[in-house]
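Q: Below, the features straight out of TrEMBL:
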| type | residues | note |
| --- | --- | --- |
| DOMAIN | 255-462 | domain 'BAAT/Acyl-CoA thioester hydrolase C-terminal' |
| ACT_SITE | 283 | active site, charge relay system |
| ACT_SITE | 377 | active site, charge relay system |
| ACT_SITE | 411 | active site, charge relay system |
């Protein structure tokens, strides 16, 4: 299916891993890479009227959302110029669109794994998944999320004549379903005690490595990441912590006893493999996971995506302990010409003065850590937080955490092929904020981070908690 960009890894000083995707082959040429191709096992979509042009997907009719999708067009004229237009409607009815300009090979074949997109579209170059990761909303400041994981997103693909604006005649169209719930994965709503959550269990008898998944300040109960992760052999609990059912409506104060209840629920579950669970947290969910790992038992591994090592946004309590939220100064917000806020400098430094009381005592944790960092995160200084967390752990004789840094990646590092959200409404700020990131680099980061997270949990959730091992 064409050449694949080689992945090179190098260590940047001693503080983080730099991961970059580099093209090591020759510059793609139409005559070289747009060779005749056929996607094995694909499905030719029905052409319009009597047209011979058809679209072929692989997998044929359905695929998991985080799974690569092969796309090819057949029946075009020799070196015919066409525009491929992809669209997807979310559950709120908002439309996301992307388009690529292409030229068929001499025999009328067009395989996106071999043919680079020409300049002038939503992306250019050899990008087999460009029509998905480059999707952008028609509505400003709108982010693609999946609310009901039991139904698929339906990807619409059109082949149009030429490279005009707008393009010409419609030559072929097809639909493909992008699924979240793999066949056999069980979705179990959890309303036990105070817990408001959804548990996803892989097929089979288990027990399975257990993970608790937390999102950020948006509240509610996002299930799509937990659901996709369960497809790879994990029992994953998507845990709400505010703004859902009878949980607190606002993010003012959190009690770790609630999260402790969730850990105990997982460890007692017959389908969850002990003796400890993993934690996965994004943004505000990241610092909550670090607090859980620092104060609660039964945690083996903690992965944080663009999180803070200080408690942010709400008071945190556990028994007789209170950790105040990190101070902030709204005067440091910068507003660009489009009215979008840049809040990267708003938070105070948790290493200075009274702000030190907000720094999470990571030295109390007895687990392994993974920090996923977008180096263009404009929500806050994620790389700074990860590096300072590493210094803090090592200063207290703890094992150095894994830190994976991604140049050009912004704040919302999601599962693969979610389009990058450059800016959207921030509930705490009350206006659109920029999240950072460059679409192509961000997409590459999401694919790699997804593999890093799975490998991290597979390594550390199949043995004893790190706190019980002998240290050198």
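Backbone N, Cα and C atoms are what each Cβ position is placed from, and that goes for glycine too.
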Q: Around the C-beta of residue 283 (active site, charge relay system), how many further C-beta atoms are within 10 angstroms, looking at every protein chain?
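A: Taking all protein chains shown, residue 283 (active site, charge relay system) has 27 Cβ neighbours within 10 Å.
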Q: Mind giving me a neighbour count for residue 411 (active site, charge relay system)? Other Cβ atoms within 10 Å of its Cβ, every protein chain shown.
A: 26
Q: Averaged over the domain 'BAAT/Acyl-CoA thioester hydrolase C-terminal' (255-462), what pLDDT does the predicted model reach?
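A: Value for the domain 'BAAT/Acyl-CoA thioester hydrolase C-terminal' (255-462), mean pLDDT as a whole number: 97.
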Q: Which residues does residue 377 (active site, charge relay system) neighbour through Cβ under 8 Å, counting only same-chain ones at least six apart?
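A: 306, 344, 383, 409, 410, 411, 435, 436, 437 - these are the non-local Cβ neighbours of residue 377 (active site, charge relay system), listed in sequence order.
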